[in-house]
Amino acid sequence: MSVRPVSGPQASLRSRSSGYVPSLDGLRAVGIILVFVHHLITPLPFGGAVGVDIFFVLSGYLITSILLREYDRLGRISLRRFYLRRAARLYPALLTVMVILFVPGLLFAPSIKAYLIENALAATYTTPIALQVSDTAAWAWRHTWSLGIEEMFYLLWPVLLIGVLTQKRVRAHAVLGVTCIGLILLAAGVALEAAGEPESLLLRSGGLFLGCALALRTMRSSGRAGGWVSSSKTAWIGASIILGAVVLASMDGVLALPVLLTVLGSTAILAHITSGSHGQLARLLSWAPLTYTGKISYELYLWHYPLLIISSWALDADPLSVAIVVGPLSIVAAATTHHVLTPWVERLKSRASA
């Protein structure tokens, strides 16, 4: 399915040429480092779970930017191409990790039936739905709840965006409308999830919409913004808010308010980066080790948690000893998977775009 634009000027959708922005990978690295450390040092208190919300804001921004560039360039958005590109990007690494870990998990899982079910949930991106029904719906692949939420977003948002772009009156107020949706979801999540359900769809989807709103705003302003957005203070305030969210989540373990703070802080940093400014924080996020970590973040996210759980099943050792083994192993596995699969993934994406 594709849609052609209504007649009229499209100046509001003009964007700067799409180029690589290292600081975006650096921001992605911050998210995966927080999550990685959070899982490795459990049960010690550390609020790194909010790192997932950095990913959500980034995903909303990047996916919307890709769709807007296609609309700007071709005058339409092809849902078929979009879904094929997403599948080409996500499935090879996911299936590779699942196949490699399937037998070890099967050998040591407390319940073979439950392990088979959670593998099916992970492969179909339905883990977050299952977790709303049963808190024990997943063990080694529980972390795929966030991938499931993003997959729901990938399915629904392009259709909604097409509707926005083809209606002049709606398009004129798109930034405000999408921002309001994101803020309402966050506020509702804080109000209704006070007990803290980390996989809550309501609580965690607000960041996706704020990322979408930022992309709409950035494209409308041709990627340039002045005032407070371009100020380095904006980025540092955002970083301070995220740090405060991590500390708060570490202290009481309830994620509702820390999630809200992380989304707001991430949006502030992302707004600064995409404004065309090159402040101190943006340069710091462009540091080569951080950008490399960001590039392998998806593979690292896939590998580390099932390795941690399966190792804890297999080894009669304390959590710290398991973490010492799993941490480096996860990094090596992630880097290897990334470098082996990336050329193939790029070819698949090129075919999907044809």
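Quick reminder: no glycine exception, Cβ is built from N, Cα and C everywhere.
From the options 255-275, 297-317, the stretch TrEMBL describes as transmembrane segment is 255-275. Nonlocal intrachain contacts for the transmembrane segment (145-165), taken as residues 6+ away from its ends with a CB within less than 8 angstroms of a stretch CB, comprise 3, 5, 13, 52, 55-56, 59-60, 63-64, 67-68, 71, 77, 79, 82-83, 86, 90, 94, 122, 125-129, 131, 138, 171, 174, 199, 201, 204-205, 208, 212. Across 89-109, 172-195, 255-275, the stretch most heavily in contact with the transmembrane segment (20-41), judged by Cβ pairs under 8 Å, is 255-275.
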